[in-house]
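Taken from TrEMBL as is:
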- 14-210: domain 'Cation efflux protein transmembrane' (DOMAIN)
- 20-40: transmembrane segment (TRANSMEM)
- 46-63: transmembrane segment (TRANSMEM)
- 75-95: transmembrane segment (TRANSMEM)
- 115-135: transmembrane segment (TRANSMEM)
- 215-288: domain 'Cation efflux protein cytoplasmic' (DOMAIN)
Amino acid sequence: MGSTIDLRIRSPKVSFFTNLGLFIVKLFVALLTNSATVFVESLRSIGDILNSGLAFFGNSIAFSDEDKYSFGKKMYLYTFGFSASTLALGFIAAIGFFEGFNALLNPRVIRNEGIGIIFIVIAMAVDVSIALLAVRELRDYLDLAGYSHPLLKSIVIENVFDVIGEGTAIISLYLSSYERYVDGVSSIFLSVVLTIYMVKLAKENIDVLVYRTAPPDIIARTIKIALSNPSVRDVNSIKTLTIEPNKYAIFMEIELDPNLNLDDIDQTISDIKRDIERYIKNVGYVVIEPRRPDKSMDTHKKLLGDLAKRNKKFVKSL
């Protein structure tokens, strides 16, 4: 389980404190150059501070003591990630669009372009360094846990968009001395980039927060493993939920041979759990409720038929 993971993750903390400094630098450059593009880029840094700050504190909470949480607190990663994306999307992007259209309708005179470009190049180099650190830690976490850390992923994406934004700001500062409308167009472009970035993060996080069921192929394999036990007559129902990324809990009701005694029933349930956990690595918890057989012995066929239909839709949605 994820609670046994021991990996020192530094990039959220480094990114958070670095973004505080970069915000001040970009705001200074925006005032120095009078550039709307750089101002929007400094606003985007507020979104970066929110994202990396929530990543830093969310990661600390998610891997702290779990006594009160049966399935652990990994969902905090997604809760904090969703909060960061919606806050930035609702506030920062709106201001960015307003500033961009204002600069387009009322072109500004750009000053001190050379000094501004130097500062933004330094900021870009810092963001590239943080992105490389986050990528390395993301790979280490993936190797150890078996799934991608959502907040590390958001930091990587954040810094990729930072580099795009800073590159746009550099080009805008250079070209604005020839054409003043470039500043307004670049500002709007950066706001569009920010919106795409935040919508993508919000969607990824909310998909996990709504406790989606396990993929149809995992559910079908679970049913077939249960039916492979000679003491199982039928599978009446099966429910699944996501307890952390790529990890599922399974609740299943099965019908057993009525001639089994209590010891045989316990042994059968134990064997089924062992086989499920052995052959399906994504399963973290298995709860099996035994029942006496009823008149119908084909409930599992209906379940598998429904899963086959779901699987076609699932494959098409990929």
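Please read every residue number as a count from 1 along the shown chain.
Positions of Cβ are set from backbone N, Cα and C atoms, glycine also.
Since this is a predicted model, take the numbers as computed values, not measurements.
Averaged over the domain 'Cation efflux protein cytoplasmic' (215-288), the predicted model has a pLDDT of 90. Counting residues of the domain 'Cation efflux protein cytoplasmic' (215-288) by DSSP class, helix then strand then coil, yields 30 helix, 29 strand, 15 coil.
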